[in-house]
Each structure stands twice: as C-alpha cells, then as structure tokens.
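Annotated features in Swiss-Prot:
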type: BINDING; residues: G63, C64, G65, Y66, G67, D84, N129; note: S-adenosyl-L-methionine binding site
type: BINDING; residues: N129, P130, P131, I132; note: substrate binding site
Amino acid sequence: MHYFSEKPTTKSDVKIVEDILRGKKLKFKTDSGVFSYGKVDKGTKILVENVVVDKDDDILDLGCGYGVIGIALADEVKSTTMADINRRAIKLAKENIKLNNLDNYDIRVVHSDLYENVKDRKYNKIITNPPIRAGKEVLHRIIEEGKELLKDNGEIWVVIQTKQGAKSLAKYMKDVFGNVETVTIKGGYRVLKSKKL
C-alpha cells in the first residue's frame, strides 16, 4: 500500500511533528499511510525554503500530503490550493490548516488524482514533491498537464532526489517548457523550475 493510494489500509497512528519553515514555527498532524510520516521530508523542506512566491500568487501544492508546502506558504500568497489523491492526507491537511491558525487565509484542500479536480482555475505557481515511486509516466503527466494550468509566466517547481532521475526530469521539463533552471542542489536533492513563456 503506497502513500499515493486513494485509501490507505494501514492502521491510523497520528503523530504531531513541529518544524521551522521559512522562519515560521509550524505543527503538523501526520499519520501512517501518508507520505513523510513522523517528520517533515528533507526534499520538501529544501523545496519550501527555496521556492519564490509573490503576494499576488495563486499557488497549487500538488500531492500535498498532510500539507507542509501549502501551509508554509499560505500567508505569503493570494490563494492556496492543496491537492492529493490520498483521503487520509486530505483530512490531515484540513486539520493542519486549523492547527496553524490559517483559517482566515484563502486555502482550499481538494481530493484529486493529479490535476483532475483542480482545473477550475489557473495558477502562478505549481509546487510539488512528486511521488517518484508512482513512476515516470506520472512524473511526465505532472509536468505536461501542469503547463496547461499555469498562467502566462507561471512556474512549476519540483524537488527530486538527484539519484532518482533529476537530470532526466530536467531534460523533460526543458522539452515541455523550452526552459529549465536548477535552483539549488542540496543534500542529494535538486529543486528544478520551469517557466511558461
């Protein structure tokens, strides 16, 4: 049973984790059957610390898990959409918005298989720590279909372990967007960015 399954079958065992992201002390309820259980994932942290957002941005946290990316950025942007196929993750993300006192911000959490249920708007930024184990085809769909949902000059930001195919993903992003930038290389991870021109 993978964290990118719709309904995890593992027994629930909630753990609260605390972390400092972008200078903010945040708390997250995590649970078994959801990605990065019991601690904030290193790749996600590197992505969150390096992504550049603007106060007028509408952002999409794709494959949000229990909500780290969207929650860390929600008070810096205009609107935040968080999407995941995993229903346990969706429930946790909603609870974590409350836990971090973000109820007054424009945040929505959507149960969605990739972009299926979030096509109702366009985004300035799509930010994702993609489910590498779901395979290359899923990764390619994230890039390709993401381009369609970006506003002009919008960007897709992706974190990936160097050893899990970062170079071939960068090449694919360049093929789709005509550009790719390696924003940072740190701790065995790369943060990649492509812009819709």
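Every residue gets a Cβ built from N, Cα and C, even glycine.
Just so it is clear, the model here is predicted, and its values are computed rather than measured.
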I132 (substrate binding site) versus binding-site residues G63, C64, G67, D84 - nearest by Cα: G63
C-alpha spacing of P130 (substrate binding site) relative to Y66 (S-adenosyl-L-methionine binding site), in angstrom: 14
Separation of alpha carbons, P130 (substrate binding site) and G65 (S-adenosyl-L-methionine binding site) (Å): 10
In three-state DSSP terms, the structure that I132 (substrate binding site) belongs to: helix
Shortest C-alpha distance to P130 (substrate binding site) - which of the binding-site residues G63, C64, G67, D84: G63
Inter-residue Cα distance where the pair is G63 (S-adenosyl-L-methionine binding site) and P131 (substrate binding site), in Å: 8
CB contacts for D84 (S-adenosyl-L-methionine binding site) [other CB atoms within 10 A, all chains]: 29
Greatest inter-residue Cα distance in Å for the S-adenosyl-L-methionine-binding set G63, C64, G65, Y66, G67, D84, N129: 12
DSSP three-state assignment for D84 (S-adenosyl-L-methionine binding site): strand
Nonlocal neighbours by CB distance (under 8 Å) for C64 (S-adenosyl-L-methionine binding site), same chain, sequence gap 6 or more: G70, M82, A83, D84, A89, A93, V109
CB-centroid shell, 8 A cutoff, S-adenosyl-L-methionine site G63, C64, G65, Y66, G67, D84, N129, site residues removed: V34, F35, D61, V68, I69, G70, M82, A89, A93
